[in-house]
Amino acid sequence: SGLPTVAAEEGLTGLWQTSDSVGHVGSLHNELSSRLVNELETEGRCVITDHQAFVLLNTYCPALASADRLEYKLQFHALIEDRVKALRDAGKRVIVVCWNTQTGARKTNYGTRIDYILVDPAFLECVYSCSIEPERLGSDHCPVMMSCTVELKTDASTNVGNPAALCAKNFVEFSGTQQSIKAFVSCWG
């Protein structure tokens with residue numbers, strides 16, 4: 001895509017903010033114990049990227065594997081809600097990317113979905129298609145695809161030339177090894 005990544009950060013609470021973080025953290029994290037904040041952030045469940053036309057929260061929401069994880073799951077969901085509210089209050093348009101494999105739902109395309117794209121109502125008019133790719137294997141999750149049309153507005157304050165520090169191109173271990181996204185989407189026609 002031609003969309004710039006103008007800011008990026010790990011996590012929902014702002015615990016690891018850097019100079020090119022997305023910002024607009026919200027206030028719920030101030031009410032949580034430092035133990036819970038560390039617990040919520042050390043599992044690496046969210047990466048937030050600002051693409052100027054919208055902010056993308058790519059999350060891996062916790063499952064309820066046991067009763068002792070209920071508080072964790074509820075606090076994680078509350079943090080997502082709080083962060084989205086803070087971003088929307090700042091005028092940002094927000095997208096949140098989030099089959100029960102035990103029931104064979106992937107084969108029949110029936111059942112409860114656990115992978116979603118949630119779009120801010122202010123951004124909905126930009127979306128022109130959305131689909132799932134159940135034939136794409138490699139995970140117990142089903143890839144969810146969304147296509148949208150956005151208009152980029154640039155000015156002197158827009159950081160479109162320098163990618164955010166969290167972008168893979170800034171990591172030596174990925175240098176020269178990352179394939180173009182075109183290699184993955186060309187087979188989809």
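Start at 1 and count along the chain as shown; that gives each residue its number.
Every residue, even glycine, has its Cβ placed from backbone N, Cα and C.
TrEMBL annotations:
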SITE      D115  site 'Important for catalytic activity'
BINDING   D140, H141  Mg(2+) binding site
SITE      H141  site 'Interaction with DNA substrate'
CB neighbours of D115 (site 'Important for catalytic activity') within 10 A?
16
Measure from the Cβ of H141 (Mg(2+) binding site) and count the other Cβ atoms within 10 Å, all protein chains considered.
14
CA pair H141 (Mg(2+) binding site) / D115 (site 'Important for catalytic activity'), Å rounded to integer, equals 7
Could you check what DSSP calls H141 (Mg(2+) binding site) once collapsed to helix, strand or coil?
coil
